[in-house]
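Please read the structure below before turning to the comments.
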């Protein structure tokens, strides 16, 4: 160790930086997980909503109370149960985290006992933590250890990526061939964009695609619906506003009668069902605040809902005659036909009827992007990529500034006015360098995903799940460049600033200076990984903001629907931003695990904590409304290979600028070539299987006939039109005839209802949206009953099922719902479940069925 003052300061500040960050993150970890352990069972709405708010088949097993026992129960849940409960998308995130745990456990066990002695014994005298980096190695012969361990690490990545991908392909195949999914409409439906006008009709599309096995069953021609979706949204908003107005009036009337309880006429119940005129809610119709005359809210929404019902019905009737979009959904009788059609050259014109997509769940469709041609999508994507690149470049500026703070003591040696910082002492400087940069970088990173989501949607991607996959690529690119590359290069640069005078005197000496100082950037990344392992994991577990909000939202939840949504809604997680944050830590482990092995325990800690946190969160907290059958996993693997390339190129550069390290450099070049070949072989072996199923496996799949004839032998499948709108009208008329028959054939009605549902699968929801049910709380004054009678006169459905107004000890009323019946038993809001007495049991059954067989909902069924 040098006796110079600068080296001593370097030693103190580097060590203080690490110690300060270690203490800070240790306190965070203990605090977050300790508080979570205390609060876990006190607030199920925040910490375990999936234990009661999702379908019974998807609910995770209950966990015991206590502070430790539940952890062992959680970790022992078998993989089959995990897949059934959380789906493949979330399960593959856990598999990726497991892969990180295993890879860095094996590598750490081998590398740490070898590298630390190689780096420290009889070598350089760098100060502080830099003493434990490759930059401290003087004898180039010792870098053979780094070279061989880098090859070992590369081999581990090759092995585990191939092994886990084989397991993933088998799991994905098992899911896609499961009876529940294979019988779903998504399994055999193809999305076709950019259709030329001369073939954009049901007959020509049927003719084109009937060449595939089994032929075409249904054709959905997407149409330009003008303002119909907006009208449906406005009607729903009016219904919610009416519910709020009536509930507000009832509660105000309760309060009014409580004050007037000595009035004998009120006690005798003569006018209890009347809402006093002064208590009737009013509002201004004008969209401009405080402008326009006030109207009676209840009467206004009565009339407005009636008008919207009539307008929407008229537009729904003429919807089949509206102009067409340039896209369609084609449903085949056989799933194999959809896979074959997606891979075949369909049209002779370039950019026509391509790219085609399969397995798009109806609930996953982005209807606003149905009329975008393929060329326009390419242009939009190019613009999005340009903007993304600009954002990455722009964000590099604050990232460089963060790195400057992380190397403050180096800058103070080169910049005179910063030398006054030495007076603060090593502890204060350690806190500034060790904590603030990592926190600042985390904040900078968190600002980007919203922008990337907007850009991905604007590209014209037809499904929501693929928007998140697009965000995944963009966010990874951002983190790779700004977090890994820019931070590494700028950190290495700032480490050399203090030796600027030596560089000027001897420019060729910069090679040796860089080889010594570039590994020193690892101190910043060690603190960054520590922060991500403890702070990010702890925040995800504790969910302090949702916990606080869970006490605030009940104050504003006044209607039964508000109460239901508050208790029923599970938080979600964006895999497009979650996975890149994990792959970047994996890459940092690859890059610095060879040149600065002190980072390895913290990378391993990150993957262990992340696995534990998201195992719990995916099972008990987070719900995702789509399922891609794990399509994000192979993208994460590709990102790992990009990180491996960067690691190997970095080592090649470090060996190249060292004397007597040509052998190590040559071996790393060979390893790089092998990695390129491994990725090439990976793509050839697996890439087609990420999208499609082999034709041969369909031979052993039991096929079920897909018919529209129900239980009526006299109705052949040819009788039902192939165009979805026409088929919907045909089956709806038949359903009405069956319901009006003297003797209702329940089995036939059910089969017709299922066929009717099938025609609705890829129709825009606005084209068949039924009249919504006004959900009001039952009250002992009779106000709700009178209101429901008035709504009946407007032909508006209303219900007070499972919702009542309950008085407290002081006589004040508040709304309560039967959570056990509506949520735990999964009956749902009136108007969306078969038990609703105000709707036809058949029509209501169809409404429920709409989302019951798509890709998102069948993911958990085996």
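Glycine residues also receive a Cβ, built from the backbone N, Cα and C atoms like all the rest.
For the ranges 282-307, 308-333, 334-359, 594-619, the feature annotated in TrEMBL as transmembrane segment maps to 594-619. Looking at 96-123, 180-207, 208-235, the stretch flagged in TrEMBL as transmembrane segment turns out to be 96-123. The transmembrane segment annotation in TrEMBL falls on one of the ranges 63-82, 143-162, 243-262, namely 143-162.
The feature transmembrane segment, as given by TrEMBL for the ranges 428-455, 512-539, sits at 428-455. Scored on C-beta pairs under 8 angstroms, the neighbour of the transmembrane segment (96-123) with the top count among 475-494, 569-588, 594-619, 640-657 is 594-619. By number of Cβ pairs under 8 Å, the transmembrane segment (540-557) is matched best by 594-619 from the list 594-619, 640-657, 663-682. The average pLDDT for the domain '10TM putative phosphate transporter extracellular tail' (745-811) in the predicted structure is 86. Long-range Cβ contacts of the transmembrane segment (663-682) within its own chain (Cβ-Cβ under 8 Å, at least 6 residues beyond either end) map to 140, 143-144, 146-147, 150-151, 154, 158, 161-162, 165, 637-638, 641, 644-645, 648-649, 651-652, 655-656. Among the stretches 20-39, 143-162, 569-588, 594-619, the one making the largest number of Cβ pairs under 8 Å with the transmembrane segment (640-657) is 143-162.
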